[in-house]
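Participant: Annotations for this protein, taken from TrEMBL, read as follows:
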- Lys100: active site, schiff-base intermediate with DXP (ACT_SITE)
- Gly161, Ala187, Gly188, Asn209, Thr210: 1-deoxy-D-xylulose 5-phosphate binding site (BINDING)
- 5-253: domain 'Thiazole synthase ThiG' (DOMAIN)
Amino acid sequence: MEQLTIAGKTYRSRLIVGTGKYKDFAETRQAIDASGAEMVTVAIRRTNIGQDPNQPNLLDALPPSQFTILPNTAGCYTADEAVRTLRLARELLDGHALVKLEVLGDPTTLFPNMPETLKAAEVLVKEGFQVMVYCADDPIQAKMLEEIGCAAVMPLASLIGSGMGILNPWNLRLIIDNAKVPVIVDAGVGTASDAAIAMELGCDGVLMNTAIAHAGNPVLMASAMNKAVQAGREAFLAGRMPRKLYSADPSSPTTGLIGKN
Ligand SMILES: CC(=O)[C@@H](O)[C@H](O)COP(=O)(O)O
């Protein structure tokens, strides 16, 4: 299977998973193993990755030698907060430059604040960060983020944690058709078919958290997501049958039928 390249590094898996909302770190690790994900995102403001040496450290369950850690700015509402959070992450992770920027608009919708996101992206790219960026499903602003130098754009499928799936496939198509960097759908995936649809649309990958962590059986759902992302990618590469028509077309040949010339 062809691989995903982000900021010069290749990944076999096109599924990126979050690490929040699990019962404990052991369940986090089991689900992530079942997902096949190689990149895991971590909310720096909510998760101990060494800030508090007296608390359990997520990196003991998910060592950076085995996973690409993608520190994120969940909980940040201004460009300034997000930039400071990622500078801290870079210190904690020994100069690690690949980050996930998200600047939220309000605590009710968790929708991205795009003016602040664009501002933060400019600063971070100038400081040498490789920025994967959570954004609105707006093709113009996605392009602006690419032009600033972001390593990947990550439009939402629907609100974070909503499980509503892909609400605007047409906007995603516009973003995908114009992008020169990977497009990763981030947020709102509810079940495996949502992930498959994102991949069938031509997304380069999917990032999800709640659909796995809040599933009845997170480990089994992680396994389902692993397969859905692969199936969707293969379907995209194969190219769907050209027509969707409300009329029949017999599957068996009509030439050589008895009684027919
Ligand atoms: C984990 C992360 O980085 C978030 O952007 C978000 O939590 C993903 O959204 P879902 O939880 O809806 O998958």
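Each Cβ is built from the backbone N, Cα and C atoms, and glycine gets one as well.
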Participant: Under a criterion of Cβ-Cβ distance under 8 Å and sequence separation of at least 6, what residues of the same chain contact Gly188 (1-deoxy-D-xylulose 5-phosphate binding site)?
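Facilitator: The list for Gly188 (1-deoxy-D-xylulose 5-phosphate binding site) reads Leu156, Ala157, Ser158, Leu159, Ile160, Ser162, Gly163, Met164, Gly165, Ile166, Leu167, Asp194, given in order along the sequence.
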Participant: Counting other Cβ atoms within 10 Å of each residue's Cβ, which of the binding-site residues Asn209, Thr210 comes out lowest?
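Facilitator: Comparing Cβ neighbours within 10 Å for the binding-site residues Asn209, Thr210, Thr210 has the fewest.
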Participant: List the residues of the same chain that sit at least 6 positions away from Ala187 (1-deoxy-D-xylulose 5-phosphate binding site) in sequence and have their Cβ under 8 Å from its Cβ, in sequence order, or write 'none'.
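Facilitator: Counting only residues 6 or more apart in sequence, the Cβ neighbours of Ala187 (1-deoxy-D-xylulose 5-phosphate binding site) under 8 Å are Leu110, Tyr134, Leu156, Ala157, Ser158, Leu159, Ile160, Gly161, Ser162, Leu207, Met208.
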Participant: If I take every residue in the domain 'Thiazole synthase ThiG' (5-253) and average their pLDDT values, what number comes out?
Facilitator: 95
Participant: Just to verify a number: CA distance, Asn209 (1-deoxy-D-xylulose 5-phosphate binding site) to Lys100 (active site, schiff-base intermediate with DXP), in angstrom, no decimals.
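Facilitator: Answer for this pair: 14 Å between alpha carbons.
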Participant: Counting Cβ neighbours within 10 Å across all chains shown, tell me which of the recorded positions Lys100, Gly161 comes out on top.
Facilitator: Lys100
Participant: Which value in Å gives the longest Cα to Cα span across the 1-deoxy-D-xylulose 5-phosphate site residues Gly161, Ala187, Gly188, Asn209, Thr210 as recorded?
Facilitator: 9
Participant: According to DSSP, collapsed to three classes, what secondary structure does Gly161 (1-deoxy-D-xylulose 5-phosphate binding site) have?
Facilitator: coil
Participant: May I ask for the distance between Lys100 (active site, schiff-base intermediate with DXP) and Thr210 (1-deoxy-D-xylulose 5-phosphate binding site), taken between their Cα atoms and rounded to an integer number of Å?
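Facilitator: Rounded to the nearest whole number, the Cα-Cα distance is 17 Å.
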